[in-house]
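Some notes on the structure that comes next.
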Amino acid sequence: MVHLTPDEKAAVTALWGKVNVDEVGGEALGRLLVVYPWTQRFFESFGDLSSPDAVMGNPKVKAHGKKVLGAFSDGLAHLDNLKGTFAQLSELHCDKLHVDPENFKLLGNVLVCVLAHHFGKEFTPQVQAAYQKVVAGVANALAHKYH
């Protein structure tokens, strides 16, 4: 569960309504793979990840980034039940994919950077603070099955 004030919730919802999930999802996942290259081991089937340009232009990275942000959107609609919303994804990433749960925090922070880049002055410190709460809550929910 993420505890947002009514103003924080309104800010998160208003900005998210302007997010191009295809574009931001691909960019966020791509940046994760470039900035934290050890995360690429979970995406070996995606083909060429040999350079930043290859990663950022990879259609499988873009498609999976869109899928990731689709799940994030679901979480935004269920902020009061993030653990329930992400239970199946938590189990998948824990039991089958063996993803280090620290990677969820990294992706959340990268997403915040990408949102700041896309929205500039509209991404105020207050909006960032609200999004940091949300991505921390999502990362915690995704790591739930690890505990």
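Residue 1 is the first one shown; counting continues down the chain.
Each residue, glycine too, has its Cβ placed from N, Cα and C.
As given in Swiss-Prot:
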MOD_RES   Val2  N-acetylvaline
DOMAIN    3-147  domain 'Globin'
MOD_RES   Thr13  phosphothreonine
MOD_RES   Ser45  phosphoserine
MOD_RES   Lys60  N6-acetyllysine
BINDING   His64, His93  heme b binding site
MOD_RES   Lys83  N6-acetyllysine
MOD_RES   Cys94  S-nitrosocysteine
MOD_RES   Lys145  N6-acetyllysine
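A gap of 10 Å separates the Cα atoms of Val2 (N-acetylvaline) and Lys83 (N6-acetyllysine). In this structure, the modified residues Thr13, Ser45 were compared by how many other Cβ atoms lie within 10 Å of their Cβ, and the smallest count belongs to Ser45. Nearest to Lys60 (N6-acetyllysine) in space, judged by Cα atoms and limited to the modified residues Thr13, Ser45, Lys83, Cys94, is Ser45. Comparing Ser45 (phosphoserine) with Lys83 (N6-acetyllysine), their Cα atoms are 28 Å apart once rounded. In this structure the C-alpha atoms belonging to Lys83 (N6-acetyllysine) and His64 (heme b binding site) are separated by 21 Å.
Remark: His64 (heme b binding site) has Gly25, Leu29, Phe43, Phe46 as non-local neighbours, by Cβ distance under 8 Å and separation of at least 6 in sequence. Looking at Thr13 (phosphothreonine) and the residue listed as 'S-nitrosocysteine', their Cα atoms lie 29 Å from each other. All protein chains included, Lys60 (N6-acetyllysine) registers 15 other Cβ atoms within 10 Å of its own Cβ.
Counting every protein chain shown, the number of other Cβ atoms lying within 10 Å of the Cβ of the residue listed as 'S-nitrosocysteine' is 17. For the domain 'Globin' (3-147), the model's pLDDT averages out at 89. Residues in the domain 'Globin' (3-147) partition by DSSP class (helix H, G, I; strand E, B; coil) as 120 helix, 0 strand, 25 coil.
Ranking the modified residues Val2, Lys83 by how many Cβ atoms sit within 10 Å of each one's Cβ puts Val2 at the top. In this structure, Val2 (N-acetylvaline) belongs to neither helix nor strand by DSSP; it is coil.
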